[in-house]
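*Asks:* Pasting the relevant annotations from TrEMBL:
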BINDING   R23, Q24, A25, G26, R27, D73, Y148, S203, H319  substrate binding site
DOMAIN    18-27  domain 'Uroporphyrinogen decarboxylase (URO-D)'
DOMAIN    136-152  domain 'Uroporphyrinogen decarboxylase (URO-D)'
SITE      D73  site 'Transition state stabilizer'
Amino acid sequence: MSKIILDVLSGVIPERPPVWLMRQAGRYLPEYREVRATARNFIDFCLTPEKATAVTLQPIERFGFDAAILFADILLVPMALGRRVWFETGEGPKLDPLSAEDIAGMSVGDVETILGPVGETVARLSKQLPGETTLIGFAGSPWTVATYMIEGGGSKDRWNARRLYWEHPEAMQRLLDLLSEATIRYLVMQARAGADVLKLFDSWAEGLPPPMFEDLVIRPTRKIVDGVRAAGIDVPIIGFPKGAGPNYLGYADRAGVTALALDHSLNTEWAVSELPSGMPLQGQLDPAVLRAGGHALDGEVDRIISAYSGRPHIFNLGHGITPDVPIENVQRLVKRIKGH
Ligand code: CP3
């Protein structure tokens, strides 16, 4: 059976855009919250193939999305570099903050063993998903994962990570290299286990001056794409340099990805006219309008579909779905897209 998302990623312009949503397995679903409550903590949840498989399938069963995204988190990779990661309810991820000295002593561990349960989840999903549903594996891009590692969690302006780049460039480069190496092995494992597509999340690509965008976003992404290709993996790779603005252009030219995921702050007309015409695009509905629903939602869905109608396009949000989204809004969205 053919998978519409793979068709679009190979350059086909579909009759109606395929659709899936970032964070589609999540707290807005009662069935997700039920499984989540049986896990000791979020990391255990991600590393329990039976539970991770179950919640990955939930939004497919409920809404019939065209893709399933592996249930895991971008902050599992630091564990493969020997770092502790934990999630505090209401506060998000926590790690032990990293200094330049810590980085000097770090090394890549046995990725395939430490993150092996994720490979097992992918293998289960590739057997259980409907034949027309694309399975997306993913990882964080090195810069975004590095920001969480250096800051010890989320932060408003990534100040310590940005300082480290200027004050200890060799330490920053070493951290990016270690993350790239671990991420290549992690993604190769996912592709070998059955992922049809890989996606790289660079959630903190915004606000970087040119040398930083080149060194922190483009080069490490290119390195991962080249490393995955060198291992003989030829699945499409979607890059998501969130908030990159006009830097999306250089990224499209040089990062080596197959397709671009666009966030909702990027000007749609600019994207249509400036980004390479054959390059498949994904996005870019504002998560807030999905929360709002109604005619505002319909209008935005129509605007986005018509703007990208001449090119290969996958409908998605510009960032993850929020826990407060009513299920009927998601139903309304899917119905409207499938009716186009
Ligand atoms: O459905 C999917 O999209 C697949 C699973 C997925 C999760 N996280 C599950 C998750 C994916 C692709 C991610 C990516 C991720 N994780 C990113 C990149 C995308 C983005 O949002 O910018 C980032 C930055 C993270 C790190 C992370 N994980 C944070 C900051 C948080 C806390 C914020 C929050 O929403 O609570 C998480 C937790 C997390 N990851 C949840 C889920 C479903 C919620 C935790 C829970 O259920 O208790």
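Cβ coordinates come from backbone N, Cα and C, glycine included.
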*Asks:* How long is the line from the C-alpha of A25 (substrate binding site) to the C-alpha of D73 (site 'Transition state stabilizer'), rounded to the nearest angstrom?
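*Replies:* Distance (Cα to Cα, whole Å): 12 Å.
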*Asks:* What does the DSSP secondary structure composition of the domain 'Uroporphyrinogen decarboxylase (URO-D)' (136-152) look like, as residue counts for helix, strand and coil?
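*Replies:* Split by secondary structure, the domain 'Uroporphyrinogen decarboxylase (URO-D)' (136-152) comes out as 10 helix, 5 strand, 2 coil.
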*Asks:* Given a Cβ distance threshold of under 8 angstroms, which distant residues of the chain, six or more beyond its ends, lie next to the domain 'Uroporphyrinogen decarboxylase (URO-D)' (18-27)?
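*Replies:* 4-5, 8, 33, 36, 55-56, 58-59, 63, 65-69, 71, 134, 136, 290, 314-317, 319-321, 323, 330, 333-334, 337-338.
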*Asks:* Kindly assign R23 (substrate binding site) to one of the three DSSP-derived states: helix, strand or coil.
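*Replies:* DSSP assigns R23 (substrate binding site) to coil.
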*Asks:* As a test of the contact definition, list every same-chain residue at least 6 positions from D73 (site 'Transition state stabilizer') whose Cβ is closer than 8 Å to its Cβ.
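*Replies:* In sequence order, F42, I43, C46, P93 meet the Cβ cut-off.
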*Asks:* Of these binding-site residues, R23, R27, H319, which scores lowest on Cβ atoms within 10 Å?
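*Replies:* Comparing Cβ neighbour counts within 10 Å for the binding-site residues R23, R27, H319 gives R27.
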*Asks:* Taking the Cβ of Y148 (substrate binding site) as reference, which residues of that chain separated by at least 6 in sequence fall under 8 Å from it?
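*Replies:* Long-range Cβ contacts: L75, P78, P93, L95, G154.
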*Asks:* Over all shown protein chains, what is the count of other CB atoms within 10 A of the CB belonging to A25 (substrate binding site)?
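*Replies:* There are 24 of them.
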*Asks:* For the substrate binding site, please report the maximum Cα-Cα distance among R23, Q24, A25, G26, R27, D73, Y148, S203, H319 in Å.
*Replies:* 22
